[in-house]
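As recorded in Swiss-Prot:
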type: BINDING; residues: THR49, CYS50, ASN51, ARG52, SER109, GLU114, GLY115, GLN116, GLN120; note: substrate binding site
type: ACT_SITE; residues: CYS50; note: active site, nucleophile
type: SITE; residues: HIS99; note: site 'Important for activity'
type: BINDING; residues: GLY189, ALA190, GLY191, LYS192, MET193, SER194; note: NADP(+) binding site
Amino acid sequence: MNIAVVGLSHKTAPVEVREKLSIPEAKLEEVLAHLKSYPHIQEVAILSTCNRLEIYAVVTETEQGIIEISQFLSEKGHIPLHHLRRHLFILLHQDAVRHLMRVAAGLESLVLGEGQILAQVKNTHKLAQKYGGIGRLLDRLFKQAMTAGKRVRSETSIGTGAVSISSAAVELAQMKVIDICVCRVTIIGAGKMSRLLVQHLLSKGVSKIAIVNRSLRRAQELAGLFPEAQLQLHPLEEMINAVSVSDIVFTSTGATEPILNRSNLESIIAVNQSLMLVDISVPRNVDADVQQLEQIQSYNVDDLKAVVAANQESRRRLAQEAEGLLEEEVESFELWWRSLDTVPTISCLRDKVETIREQELEKALSRLGTEFAEKHQEVIEALTRGIVNKILHEPMVQLRAQQDIEARKRCLQSLQMLFDLDIEEQYT
């Protein structure tokens with residue numbers, strides 16, 4: 001049995017590949033059930049963000065489990081396996097454990113140290129629990145990774161002043177225009193990324209901001225967070241009209257297909273008009289064919305790398321501090337995992353000793369007579385249980401703490417032989 005992660009990220013695949021494999025939350029239950037139906041996949045969790053798609057799995061046979069996950073991704077994205085493989089990374093056991101902790105700490109993010117990824121890891125764990133994807137191993141791994149992410153943020157300065165995808169998008173737009181303060185800006189979408197866009201635009205002095213969203217109520221909730229700003233709100237039906245009077249448009253929706261394309265833009269863009277589109281969604285909200293229109297400058301999440309680079313160098317030094325903390329968390333998980341091979345023996349020994357305790361207690365109580373037994377049974381029960389627990393406690397602690405695998409195996413074999421234990425192997 002092994003822990004594996006198969007995935008791709010902004011480091012290994014362009015956005016046009018990542019968007020094909022993006023898994024919306026509404027489809028997650030179905031996808032988790034599908035993956036768990038494979039014969040070699042025992043537990044599974046899926047981390048799907050704009051910059052990565054990673055499938056964490058406990059596999060009963062490593063090679064076959066990897067093949068099953070890779071084949072699933074190929075079929076889901078309609079990408080031939082030989083083409084997809086060049087974009088995939090595959091990590092096993094300790095490398096997979098370390099990778100998730102680095103992800104949770106923001107060390108694998110496009111924006112080094114960004115905080116949003118920890119919330120996304122938490123959500124991955126919550127949904128995998130809700131839909132029955134994870135069991136004992138991945139549950140513990142994700143909890144350890146969340147602890148690692150929190151420690152890195154509280155014990156180092158890596159999260160201080162970190163740029164986000166949204167702030168990088170605003171920086172990019174500011175770099176491309178003469179004066180962003182006078183620009184008319186439209187944001188399509190009203191989620192967390194859009195909230196951050198509004199926040200950063202206001203900090204740059206932008207005052208003409210419109211929000212377009214399918215749910216006007218969500219747009220109103222967003223506007224309520226910025227009472228000092230006079231945000232214009234539009235339903236999705238008015239999207240094209242709002243875009244037509246804008247200088248810059250940011251898109252950040254959960255749409256699975258492009259909502260802006262050459263067809264719906266070319267008729268509304270004047271010959272002398274200039275329009276900038278900044279798409280921070282995956283799958284993309286803006287079709288690549290808009291680049292055929294001369295008046296339009298179009299950017300997506302992959303274009304943010306240059307903006308982020310200037311912020312990265314100072315943060316890399318802080319990341320080195322985080323590495324030591326992460327190794328402590330990796331080691332903690334490894335110790336716990338290695339101790340699992342003691343569980344069947346310890347459980348079996350406890351069951352056997354408990355059976356003996358109950359049998360001997362019953363004999364003793366029958367000899368003491370009914371009146372005495374009824375009056376003192378609870379005391380005698382607690383006494384015998386306490387004796388058993390104290391006798392077993394120290395050997396069990398030492399057995400779990402034994403880090404030498406061969407020495408621990410010899411101890412387990414000795415216990416099994418001396419107490420004639422019939423062990424059903426688990427978690428090997």
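Glycine residues also receive a Cβ, built from the backbone N, Cα and C atoms like all the rest.
Its Cβ taken as reference, ASN51 (substrate binding site) is surrounded by 23 other Cβ atoms within 10 Å in the chains shown.
Of all the binding-site residues given, namely GLY115, GLY189, the one with the smallest number of surrounding CB atoms inside 10 A is GLY115. Sequence-distant contacts of the residue listed as 'active site, nucleophile', defined by Cβ-Cβ distance under 8 angstroms and a gap of at least six in the same chain, are ARG18, SER22, ILE165, ILE280, SER281, VAL282, VAL301. Neighbour counts of Cβ atoms within 10 Å were taken for the binding-site residues ALA190, MET193; the minimum is at MET193.
Distance from the CA of HIS99 (site 'Important for activity') to the CA of ALA190 (NADP(+) binding site) is 31 Å. The full span of the recorded substrate binding residues, THR49, CYS50, ASN51, ARG52, SER109, GLU114, GLY115, GLN116, GLN120, taken as their largest Cα to Cα distance, is 15 Å. Neighbour counts of Cβ atoms within 10 Å were taken for the recorded positions HIS99, LYS192; the minimum is at LYS192. Listed in sequence order, SER166, ILE187, ILE211, LEU222, PHE250, SER252 are the same-chain residues at least 6 apart in sequence whose CB falls under 8 Å from the CB of SER194 (NADP(+) binding site). The two recorded residues, GLY115 (substrate binding site) and LYS192 (NADP(+) binding site), show a Cα separation of 13 Å. Same-chain residues with CB within 8 A of the center of the THR49, CYS50, ASN51, ARG52, SER109, GLU114, GLY115, GLN116, GLN120 CB atoms, the substrate site residues themselves not counted, are GLY106, LEU110, VAL111, ILE117, ILE165. Around the Cβ of THR49 (substrate binding site), a 10 Å sphere holds 22 further Cβ atoms from the protein chains shown.
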